[in-house]
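So that you can see what the record holds, here are the features copied from TrEMBL:
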{"type": "COMPBIAS", "residues": "1-11", "note": "compositional bias 'Polar residues'"}
{"type": "REGION", "residues": "1-32", "note": "region 'Disordered'"}
{"type": "TRANSMEM", "residues": "41-66", "note": "transmembrane segment"}
{"type": "DOMAIN", "residues": "43-479", "note": "domain 'Major facilitator superfamily (MFS) profile'"}
{"type": "TRANSMEM", "residues": "78-96", "note": "transmembrane segment"}
{"type": "TRANSMEM", "residues": "108-126", "note": "transmembrane segment"}
{"type": "TRANSMEM", "residues": "168-191", "note": "transmembrane segment"}
{"type": "TRANSMEM", "residues": "197-217", "note": "transmembrane segment"}
{"type": "TRANSMEM", "residues": "238-260", "note": "transmembrane segment"}
{"type": "TRANSMEM", "residues": "272-290", "note": "transmembrane segment"}
{"type": "TRANSMEM", "residues": "311-331", "note": "transmembrane segment"}
{"type": "TRANSMEM", "residues": "378-402", "note": "transmembrane segment"}
{"type": "TRANSMEM", "residues": "408-430", "note": "transmembrane segment"}
{"type": "TRANSMEM", "residues": "442-466", "note": "transmembrane segment"}
{"type": "TRANSMEM", "residues": "514-534", "note": "transmembrane segment"}
Amino acid sequence: MVPNGETTAQLTREAETMGSTDADVKSTSKPKPPNVKAVRLATLVGSGLGVVAVALTGSLIGTLMPTLVNEFEQMRQAAWYGSAYLLVMGATQPAFGKLTALLASKLVFHISVVFFAAGSVICALAKDSPMFIGGRAVSGLGGGGIVSGALELTTLVDPQNRALSCRILLVLESFGAMVGPAIGGAITSNIGWRWCFWTNLPIAVIVLGLTLFPLRLPRQTSTRRKDKSRVLTLRDKFYQCDVFGGALLAGSLACLLLALEWGGDRFKWDDIRTIILLVAFGISFIFFVIHQACKVEAAVLPIRLCKAPHFSANLFMGFCLGGAQYAALYYNQLPTWFQTVKALSPADSGIRMLAMTAAATLASLLAVGGLKTFRYYLLPLAITAIALASVGAGVLYALGFGMSDSRWIGYLVMYGLGSGMGVQLAILGAQAAVGPSDFSHAISSILSFSAIAGSIFVFSGQQLFINQLLRFSEEPVELKRKTLKISFAAILEKASAEVNVLVANTINDGVRQMFLVGLILCSITIFALPFMPWKPLKPKPQKNQGIGKEATAVTV
């Protein structure tokens, strides 16, 4: 039977319907794209975990210091254990941040995590002091990329919430720095110091797993040329990263640290080798300043930001108080005082460090609440922070055998509150001095300068400590050759009871020199106060203000 025209049309419509249904089934069988919100949340959580790991790995080195000196028997090189990490991290952090933003990709962050893990492996496998220092430098390279990359990843958040996201990362950084000494001491006492670095491997795997989901970052446009809408070319990206500027800064500071290590100890200050290092530092630093002036917007620290007195004042405050905090709080001498003068274990030393680290973390949280209490006026809180840190450093300079626990705990809390609040206020003030697009760059600049200051003054304090330690011998020339290669334990074990007390007193005097450095740094911070404006960071909204206009002040 031949179907008529009406039946044929009906069959055709049914066939088309079946075909469309099959196509729909095929289309629905394809894998759905990942939930964008879930991917963003996983990325932010992973970046936050990376920041915690970087801060923890940095702060635990102080508790490990006496153990490392006993292990490698190289007291002369002990200052590099903390300074190498801070120096490389501080010098490369701005360049990594720019690279992450310009490439609009998480690849830079992932490479930084790999470098951080590789440096941790080198430290865990270190057979001697130079190998350990090299591992710390590699970890610092990765740490700088992780911190700056995490700040740039906050572009995934809505613009109105980006300042809050940056602040959460800073809280996580403070938390990692707080628990680092306690965790490092516990691991060292129960398992061994090498596991402090092996544990970074699973953390790195988790961070990579959380951030490997495909997600593009907002792409930046050209800032070099008049055409702001043009997407940056590869040449523009390389120009704006300013890798050469970061390398020049790191090289100049390395010359300075080597001069501080050799001068007056290995060689005299008027020795030609020491003079060459100091001259090399001066020339390379001058070239760095000239290079930054020529790079303009593409500089490590744009001149446009430095021209603002408010921003420069906060940068100076972050440099001074950050250096004081790193030098006395997280690195080198205070755990040494606990483990030698007080004869405590690394675990007990780390627990007692919580008096200062917890105070610094609490102060960073209270800084925001304090701003609201003072109606967002920064200057009163800055004066309070500088006063607390200066008084705390001054009374800690009187550290000694007979000091009761209640006294040194109170002094440490005071010092931690002042330095922690000061660094946080410097970050908030720097944010308020720039536009929303420069939030992450302002934070990165403060953190970078704080780390660089820490690398310098950790080294200076360590050299003062060594020079003080060498004074207790009647044969300084022979002791100078031996003491710098033996450990704290060897000094105390080989000495008689009378000399043992003398050695402990000398170690105590050497530790006090660190707080003298902190006192000087905290005191000179007052020169930043006249350049801080007496006006609120968050101005009151005006009644006639348009709806489309945005306030440039930071949200706190």
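Each position is counted from 1, following the chain as shown.
Using the three backbone atoms N, Cα and C, a Cβ is placed for every residue, glycine included.
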Folded-back contacts onto the transmembrane segment (514-534), same chain, C-beta under 8 angstroms, at least six residues removed: 309-310, 312-314, 316-317, 320-321, 323-324, 327-328, 332-334, 377-379, 382-383, 386, 389-390, 393-394, 396-397, 399, 415, 418-419, 422, 429, 453, 457, 460-461, 464-465
Proximity verdict for the transmembrane segment (311-331) and the transmembrane segment (272-290), three or more C-beta pairs under 8 Å: no
Contact call for the transmembrane segment (408-430) and the transmembrane segment (272-290): at least 3 Cβ pairs under 8 Å, seq gap 6+: no
Chain residues in Cβ proximity to the transmembrane segment (442-466) (below 8 Å; excluding those fewer than six residues from its ends, i.e. six or more beyond): 75-76, 78-80, 82-87, 89-91, 93-94, 97, 144, 147-148, 151, 166, 170, 249, 253, 256-257, 260-261, 264-265, 301, 305, 311, 314-315, 318-328, 331-333, 336, 423, 426-427, 430-431, 433-434, 484, 510-511, 513-514, 516-517, 521
